[in-house]
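Chemist: My questions will all concern the structure given below.
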Amino acid sequence: MGFTKIVVTFFLVVMLAVSSSSQNAMASEIKAKINGLECFNTCTPYYDDYKCNVDCLSSGYPAGDCHIVSPSQPKKCCCY
């Protein structure tokens, strides 16, 4: 009886310690957009909206695609 009581107490203490410890979330953080879009790479026929979106997602942004930033510049991959 004494051994069982010790094992159950130890198990409950371990469960309490694990549940009260801070856990890191596995999801990536989403970066806030500041002053509109965050633009990086130049878009080409090879580097299109899909690849731009994948790069933005892997960088922590919720989405991205190719935008015309100014009329005199080529399209840029912008994350938002």
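We count from 1, first residue shown onward.
Cβ atoms are placed via backbone N, Cα and C, with glycine included.
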Chemist: Going by Swiss-Prot, tell me which one of CYS77, CYS78 is disulfide-bonded to CYS52.
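Modeler: Swiss-Prot lists the disulfide between CYS52 and CYS77.
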Chemist: According to Swiss-Prot, CYS66 takes part in a disulfide bond; indicate which of CYS39, CYS43 is its partner.
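Modeler: Swiss-Prot annotates a disulfide bond between CYS66 and CYS43.
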Chemist: Where CYS39 (disulfide bond) and CYS78 (disulfide bond) are concerned, what is their Cα separation in Å, rounded?
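Modeler: That comes out at 4 Å between the alpha carbons.
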Chemist: With every protein chain in view, how many other Cβ atoms are within 10 Å of the Cβ of CYS66 (disulfide bond)?
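Modeler: Cβ-Cβ neighbours of CYS66 (disulfide bond) within 10 Å number 22.
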